[in-house]
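A.B. asks: Quick one: structure below, then a few questions.
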Amino acid sequence: MEEMEEELKCPVCGSFYREPIILPCSHNLCQACARNILVQTPESESPQSRRASGSGVSDYDYLDLDKMSLYSEADSGYGSYGGFASAPTTPCQKSPNGVRVFPPAMPPPPTHLSPALAPVPRNSCITCPQCHRSLILDDRGLRGFPKNRVLEGVIDRYQQSKAAALKCQLCEKAPKEATVMCEQCDVFYCDPCRLRCHPPRGPLAKHRLVPPAQGRVSRRLSPRKVSTCTDHELENHSMYCVQCKMPVCYQCLEEGKHSSHEVKALGAMWKLHKSQLSQALNGLSDRAKEAKEFLVQLRSMVQQIQENSVEFEACLVAQCDALIDALNRRKAQLLARVNKEHEHKLKVVRDQISHCTVKLRQTTGLMEYCLEVIKENDPSGFLQISDALIRRVHLTEDQWGKGTLTPRMTTDFDLSLDNSPLLQSIHQLDFVQVKASSPVPATPILQLEECCTHNNSATLSWKQPPLSTVAAEGYILELDDGSGGQFREVYVGKETMCTVDGLHFNSTYNARVKAFNKTGVSPYSKTLVLQTSEVAWFAFDPGSAHSDIILSNDNLTVTCSSYDDRVVLGKTGFSKGVHYWELTIDRYDNHPDPAFGVARIDVMKDVMLGKDDKAWAMYVDNNRSWFMHNNSHTNRTEGGITKGATIGVLLDLNRKTLTFFINNEQQGPIAFENVEGLFFPAVSLNRNVQVTLHTGLPVPDFYSSRASIA
């Protein structure tokens, strides 16, 4: 458990956490340390002024600084993205753990209250010393942060396991070693104090005395205080809010900000998250085992390099001595070359040993900490930290990916000495390289841990081999057509990362990359197989929508400020496959006739959908519906919509058809046939209608069975 100690220490004071609190970024701080690093912010940064100006919606607003994104203008769809580079405006110092700590603007006023109850200066801001994210406190101050009781329990167990023999609690001077503990009195006694203070007669005769070690265990297993809600301090946590990912009380559900959120039973979510953490630990445990074996391999390589070096030096000295005095100066130069190679190999291997040792210690510490957390019997406390732990376990496992457990250096010296030249050629004597450098760049290596797909986009990353000596002037990325066809170039340039958009959904693509310079091109890299999403997840596109369109709910809910019909498109376009999405009617006043369907990217945005030849739609009122394309109205069908109705749109580009549904029933015949090309989901509506988009839905079962029969 010693490797877990780093997980149990505060990044500010460097000591074990005392009354730890959980910040919204999932990191922990001692309550006293959190108060010590508070910084007062200007009045304009306060939550009240933010709410008054409409610039913030949360009591804890992160201050993300210097956010920068860079996008390539290449037609291939390539994009590279920068990260966050936060520059603190407050001078910082180093904590005992080596992290940056932001000191308070002024010393806190003296107070006799505890850190939790002491008043917090108005407009206080706290910066996490680990991730350097800042947030502004509300009126509750530090009391608004939940306490990490699970971490307290783990620290207690850890300190007890490291403690010396238990001492008597009643000895006045030089306490003796305890021999028993009374479970009722909760006191440890030595033999003299037990006979004097706890005689086995009267009411005390019924008390149960146990050995000190057993008493320590019983103390550890005693139930802790039930956690209470941070918003309603008199109420216990009883449910788990799925949307906010936190335990809540019944008052939060009835009158608080969680009243409209999805909630689940606290015990069920506790068991679920424990199961997820246990499963994540299984994978990390395998990685740790591989890392231990890898370290053994690296340590044996050190010995082998040492032995090979001695052998090589001896051979070199024997050859140089045979050339007598004329070779002495050259011999020194060659020995220097060998020693340089020797030191280089040792440095590379030792650096890798050091890196893997540190990483393994951190991994083992995290595993031990997680195992101790799993032992906790406090559901709400566990759920407060389980998501962060699961993410950390997965991230740590990913960091042990392919390439991490591969030696960066070989044990062999790829050098050979040729002693056949004549004495007059002694000054040209040099090592003969076993492997000649190629005039073209080395084959690029695809970085699998950074390659991924999202919806119908694919991101690929690659690099040159670590020991490559030939520079590459650029790279050529090729993809096939998603159906096993010929490869085509999608990117040519100097960057080593590329994002390709506009791929087909539910398709398998093969990707490869090669490098080039003035001499020529390298061989292709290994082929990487990429699978795009089976179903599309998308939202409405505010960039292409009419100016009267009003979007909310992460661009999933739409209405309009005008009495005239206005058009909004989805962000994702379709050109292949079968796609289904739904829209629910949130508000329907005065019997308007909204339209739903698909459109080209250049459809008219200020008229009803279907008025021009760039849209295929169904418009519907409270009694009936029509299909419309190029201002041609067809197939009037009885049955309309009301508030709460669901409109389904099924675009089958394999069969080139468009079909509509109302409340899971097909509305009329197949609306349009022979549709092909690139289509975007589309809606037109006015101010009397509000709809919400639902994506990522599978094709309805009855349609799938009908298509298979056909």
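Even glycines carry a Cβ here, placed using N, Cα and C.
Positions annotated as domain 'RING-type' by TrEMBL: 10-50. Per TrEMBL, domain 'B box-type' is recorded for 163-212, 224-266. Residues or ranges marked as coiled coil by TrEMBL: 288-344. According to TrEMBL, the feature domain 'COS' maps to 374-432. Residues or ranges marked as domain 'Fibronectin type-III' by TrEMBL: 440-535. Taken from TrEMBL, the feature domain 'B30.2/SPRY' covers 517-702.
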A.B. asks: Should anything in the same chain at least six residues away from the domain 'B box-type' (224-266) have a Cβ under 8 Å from its Cβ atoms, list it; otherwise answer none.
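C.D. replies: Contacts with the domain 'B box-type' (224-266): 140, 143-147, 149, 153, 378-381, 383-384, 387.
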A.B. asks: How many helix, strand and coil residues does the domain 'B box-type' (224-266) contain under DSSP?
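C.D. replies: Summed over the domain 'B box-type' (224-266), the classes give 7 helix, 11 strand, 25 coil.
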A.B. asks: With DSSP helix as H/G/I and strand as E/B, how many residues of the domain 'Fibronectin type-III' (440-535) fall in helix, strand and coil?
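C.D. replies: Breakdown, helix to coil: 3 helix, 42 strand, 51 coil.
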